[in-house]
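If you look up Swiss-Prot, you'll see 102 marked as active site, schiff-base intermediate with DXP. The feature 1-deoxy-D-xylulose 5-phosphate binding site is assigned by Swiss-Prot to 163, 189, 190, 211, 212, with sequence analysis given as support.
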C-alpha cells in the first residue's frame with residue numbers, strides 16, 4: 001500500500017515544485033535565470049546582506065528574478081546574532097522583498113553550523129512581527145520542536161555543512177525530526193549531486209533547498225534539470241514504499257510450477 005501524497009504547502013501557500021534554489025555563486029546572472037527555469041523551482045532565496053543595492057539594469061541580481069513566477073525568500077546569510085538576523089529581515093521588508101524569510105544565524109565561520117539558541121530567539125521575534133519564518137537549523141529534533149513551537153512555518157535541517165556537498169550525513173536524525181514536528185521539513189545545505197537530493201526526498205521530507213550543488217556544477221543548467229528529476233523521483237520512491245532490507249538474497253522468479261529434469 002503506497003503512501004497518499006499531499007500538496008507541498010507552507011503557511012497556506014501550495015507549491016508544485018519541491019525544489020528551492022539559491023541565487024549565489026552562479027557563473028553569471030543569465031545562467032542563474034536559466035537554472036531557475038530548468039529546475040522548475042517556484043521559490044528562490046536571496047542573501048540580503050550580499051545584495052548590491054546600487055546596481056541597476058542587468059547588473060542588478062533582482063532584475064534577473066522572475067517575480068511573477070518565483071516567490072522570493074530573503075535570507076539572513078552572514079548573520080551571527082539574533083539581533084543582526086532580525087534587522088536584516090526588517091530591511092528585506094523595507095526593500096519590498098518579502099515577509100517570508102529564510103532565517104539563518106550562524107555560530108561558526110569555519111563550519112557554518114547554525115547557532116540554534118540565537119536562531120530560536122530570532123524566530124520568536126520575527127513570528128511576533130508577522131514574518132513567515134523558515135529557519136536553517138541543525139539536524140536536532142529538540143531544536144526543530146522549539147522552532148515549531150516558536151511559530152515557524154517550516155524547519156530546515158542541514159544534511160551536511162553549507163556548500164560541503166557531503167550529502168545526507170545523518171538520515172536517522174532527519175527521520176526523527178519528521179516524527180517530531182508537524183510543519184514541513186525541508187533539507188537545507190549539504191546536497192552535492194542528484195542522488196543526494198533523491199535520498200533526502202526518500203526519507204519523506206517535503207522539499208530540498210540547494211544552491212552550490214547547482215551553481216558550482218560544471219554545467220549548472222544540466223545539473224538543475226538533474227536535480228528536478230531527482231527530487232521528483234525521490235518523492236515518488238518515498239510514496240511507493242521501498243522493499244525491506246534483507247541480509248540474504250531472495251529469488252525474484254516464482255518457484256511454483258518449476259520444471260524438474
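Numbers here mean position along the shown chain, with the first residue as 1.
Cβ coordinates are placed from backbone N, Cα and C, and glycine is handled just like the others.
The binding-site residues 211, 212 differ in how many other CB atoms lie within 10 Å of their CB, and the one with the most is 211. In this structure, the binding-site residues under consideration are 163, 190, and the one with the smallest number of other Cβ atoms within 10 Å of its Cβ is 163. On the backbone, the CA of residue 189 (1-deoxy-D-xylulose 5-phosphate binding site) and the CA of residue 102 (active site, schiff-base intermediate with DXP) stand 13 Å apart. Taking all protein chains in view, 27 other C-beta atoms sit within 10 angstroms of the C-beta of residue 102 (active site, schiff-base intermediate with DXP).
Under DSSP, residue 189 (1-deoxy-D-xylulose 5-phosphate binding site) is assigned to coil, being neither helix nor strand in the three-state scheme.
Counting every protein chain shown, the Cβ of residue 189 (1-deoxy-D-xylulose 5-phosphate binding site) has 26 other Cβ atoms within 10 Å. For the pair residue 102 (active site, schiff-base intermediate with DXP) and residue 211 (1-deoxy-D-xylulose 5-phosphate binding site), the C-alpha distance works out to 14 angstrom.
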